[in-house]
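J.: I'd like to ask you about the structure that follows.
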Amino acid sequence: MSKIKYKRIVLKVSGEALAGQEGFGIKPPIIVNVAKEIKEVYALGVQIAIVVGGGNIWRGQTGAEMGMERAQADYMGMLATVMNALALQDNLEQLDVPTRVQTSIEMRQIAEPYIRRKAIRHLEKNRVVIFAAGTGNPYFSTDTTAALRAAEIDADVILMAKNNVDGVYSADPNKDVHATKFHELTHLDIIDKGLNVMDTTASSLSMDNNIPLVVFNLNEAGNIKRVVQGEQIGTTIKGDK
Ligand code: UDP
């Protein structure tokens, strides 16, 4: 077996990563690529839990800005993540990767309800577990879900797979020519400097539970594998420098 730095990972895949150029909807050819990348890591024997976002379909914030009640709009966002989870499950299974979807809001006809011990058992049996419907609570994000589930299943790391961004920068590199990339940061840096990595709830949860984070570009082939094998790409965020 080749060298593996992280044995059990939580991979956060944003909704955008499944949407392609337009940033909206589900694009099967894009998901196939994501699934292939995941399969490569699966083949190394890594235990993989995936938290999927829903921003490619619906964001609670958008609904709230249009005058909807925030909680109602957030529940719609959570349902959006379930669609993404099913699409990803389908693509992984077509590549012969065994998977289970667990939802934080029960919908037993299509997925298992989230049960922590069962999720861990699936991982031990080398099934990829896809966590859908966020935390099940409005006012939270799927980044927070990733931090929460990572703590619950005792994951070694959270891999924040970004869409065409290869790490954390001091400013938006597309807008500011002086933006510099950080190779290593602490969770506290993220909160103090207000860096755009994850929301503060997710950051503080990761910090309090001492879960390292790697932010990297999902669109470069082989990157998930590189991170898992300990190659220094993207930005690593840890408890202490
Ligand atoms: N959401 C929520 N609670 C959660 C997770 C998600 O209410 O625990 C809702 C929220 O409205 C959010 C939407 O689901 O906007 C989609 O999730 P997110 O924006 O995190 O997806 P991503 O940006 O990763 O695609």
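For all residues, glycine too, the Cβ spot is worked out from N, Cα and C.
The following feature annotations were taken from TrEMBL:
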DOMAIN    7-217  domain 'Aspartate/glutamate/uridylate kinase'
BINDING   LYS12, VAL13, SER14, GLY15, GLY55, ARG59, ASN163, TYR169, ASP172  ATP binding site
REGION    20-25  region 'Involved in allosteric activation by GTP'
BINDING   GLY54, ASP74, THR135, GLY136, ASN137, PRO138, TYR139, PHE140, SER141, THR142  UMP binding site
J.: Treating G and I as helix alongside H, and B as strand alongside E, what does DSSP give for the region 'Involved in allosteric activation by GTP' (20-25) in helix, strand and coil?
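T.: Result for the region 'Involved in allosteric activation by GTP' (20-25), in helix, strand, coil order: 0 helix, 0 strand, 6 coil.
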J.: At a 10 A cut-off on CB-CB distances, which of the binding-site residues GLY54, GLY55 has the highest count?
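T.: Top count of Cβ atoms within 10 Å goes to GLY54.
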J.: With an 8 Å cut-off on Cβ distance to the GLY54, ASP74, THR135, GLY136, ASN137, PRO138, TYR139, PHE140, SER141, THR142 Cβ center, who else from the chain surrounds the UMP site?
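T.: Everything else in range on the chain: GLY60, GLY77, MET78, GLY134, THR144, THR145.
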J.: For ligand 1, which among the binding-site residues SER14, GLY54, GLY55, THR135, SER141, ASP172 have a CB under 6 Å from it?
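T.: If the test is a Cβ under 6 Å from any atom of ligand 1, the answer is SER14, GLY54, GLY55, THR135, SER141.
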J.: How many whole Å apart are the CA atoms of ASN163 (ATP binding site) and GLY54 (UMP binding site)?
T.: 14
J.: Find, for the listed binding-site residues LYS12, ASN137, SER141, ASN163, ASP172, the residue with the lowest Cβ contact count at a 10 Å cut-off, counting only other Cβ atoms.
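T.: With the binding-site residues LYS12, ASN137, SER141, ASN163, ASP172, fewest surrounding Cβ atoms within 10 Å: ASP172.
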J.: In terms of Cα spacing, which of the binding-site residues GLY54, THR135, ASN137, TYR139, SER141 are within 10 angstroms of ASP172 (ATP binding site)?
T.: none
J.: Around TYR139 (UMP binding site), which residues of its chain at least 6 apart sit with Cβ under 8 Å of its Cβ?
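T.: Listed in sequence order: ARG70, ALA71, ASP74.
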